[in-house]
Ligand code: NDP
Ligand code: HSE
């Protein structure tokens, strides 16, 4: 089948991330979507500038309208940012019967009600997973995975730049301005970084999350907004002394008399999982009446993390264009004819590190025998510990942590060590994963 042709408005951080992910993972993406995805046209302000992605074979223009109107383009991917021009272009694409994918939370928060109404009337999709929490599939999780629940509340760290700043201030004592400049150079911050530090970006995202969670229209203007610019290093360390972390949270809560919608810095007990979400990472805690609390975690900003969500939306659109509408998502994610026969490894061929506990006689040369056998099997030791729980009986407990090794080699080494006369009991082994 011929690939679906897409046009991208914007070749900045997310635009180029998307081009790169589509190029690198093209085969798997086509296997899931049922058809390939080809970028045929793209717009940027300066098309002479060197980009972080390969644009060969893509028609480049400085006029995003040319991409929208391009008869070959079936899906318009809006990654320019801004609100007014982006809205006009998205509505133009919808009117032309084209599906739209966007990462633009500001545009969705402000004009989403109008855009969705128009898309509904025209029978096209507008997908916006990347608009909230970067690479975390939080929209899909709430809209699909939690569809059986009445959502009671949600609370999230939903601005990567702000969390990066707070984390660096706390851990390294760095200055606000200095960390913000780094977040900008890493491509995390909005074109206007006051959106990040004053909580506006988080408010855009919270408005979107609240709509999806509670089934209410987008109401950005009803979100109470406070940013992190007033937080000092002193506050961060006083909070720490009291056992708390300061995090910028977006909170949406269903109350008997209405919905709370608010974003602001918040003290959270330091043992809570969400208090330990650091750097550019985001996390969203969602409380459903049936499932209870669920937590979603991942990179909240950055080129490829955000592209991950953009491409997931593209796959959804392509499936809708391609497959039986009654059976849009393949049961095993990939189309049946795209399933791979790459083998599942036997446990002997799996590589992990190991914790080993050995009970031995406490004699000279015992440790040397054990390490020699491990060495002969290519097993390298990361740490070693010896305890003598009962010196009177001349016994010792030896604990070893190894570097990663093939399980088959470890099995052989254990058999050989257990055959030594000084071993008193079988070896206890527990696999280790750094994850
Ligand atoms: P960038 O500023 O890096 O990229 C914007 C791109 O759009 C640039 O290539 C720019 O061209 C182009 N552009 C802007 N205006 C025009 C115009 N009028 N005509 C033609 N081209 C134009 O932004 P990001 O990639 O960071 O963000 C894009 C969108 O994704 C925004 O809505 C943002 O909120 C959202 N987003 C960003 C995330 C991130 O981590 N960065 C994460 C999640 C969402 P040129 O390069 O020539 O200047
Ligand atoms: N500027 C945003 C952030 C990008 O830092 O979270 C991701 O939406």
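Numbers run from 1 along the shown chain.
Backbone N, Cα and C define each Cβ position, glycine as well.
TrEMBL: automatically predicted annotations, no manual curation.
These features come from TrEMBL:
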- 205: active site, proton donor (ACT_SITE)
- 9, 10, 11, 12, 13, 14, 15, 16: NADP(+) binding site (BINDING)
- 105: NADPH binding site (BINDING)
- 190: L-homoserine binding site (BINDING)
- 355-432: domain 'ACT' (DOMAIN)
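Shown here: features listed in TrEMBL, placed on the structure.
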residue : record                    : Cβ neighbours (10 Å)
9       : NADP(+) binding site      : 28
10      : NADP(+) binding site      : 25
11      : NADP(+) binding site      : 27
12      : NADP(+) binding site      : 17
13      : NADP(+) binding site      : 22
14      : NADP(+) binding site      : 29
15      : NADP(+) binding site      : 30
16      : NADP(+) binding site      : 24
105     : NADPH binding site        : 28
205     : active site, proton donor : 29
Around the recorded NADP(+) site (9, 10, 11, 12, 13, 14, 15, 16), other residues with Cβ within 8 Å of the Cβ centre, ordered by sequence, are 8, 17, 18, 44, 79, 80
Of the recorded positions 105, 190, 205, which one has its Cα closest to the Cα of residue 12 (NADP(+) binding site)? 190
If you check the recorded positions 10, 11, 12, 13, 205 one by one, which have a CB less than 6 Å away from any atom of ligand 1? 10, 11, 12, 13
Out of 9, 11, 14, 16, 190, the binding-site residues in the record, which is closest to residue 105 (NADPH binding site) when you go by Cα distance? 190
What is the interatomic distance between the Cα atoms of residue 15 (NADP(+) binding site) and the residue listed as 'active site, proton donor', given in whole Å? 20
What recorded positions in 9, 11, 16, 190, 205 place CB under 6 Å from ligand 2? 190
What's the CA to CA span in angstrom from residue 205 (active site, proton donor) over to residue 10 (NADP(+) binding site)? 21
If you average the pLDDT over the domain 'ACT' (355-432), what number do you get? 93
The rounded CA-CA distance in Å from residue 16 (NADP(+) binding site) to the residue listed as 'L-homoserine binding site' is 16
Sequence-ordered list of residues in the chain of the residue listed as 'L-homoserine binding site' that lie 6 or more positions away and have a Cβ within less than 8 Å of its Cβ, or none, is 81, 161, 196, 201
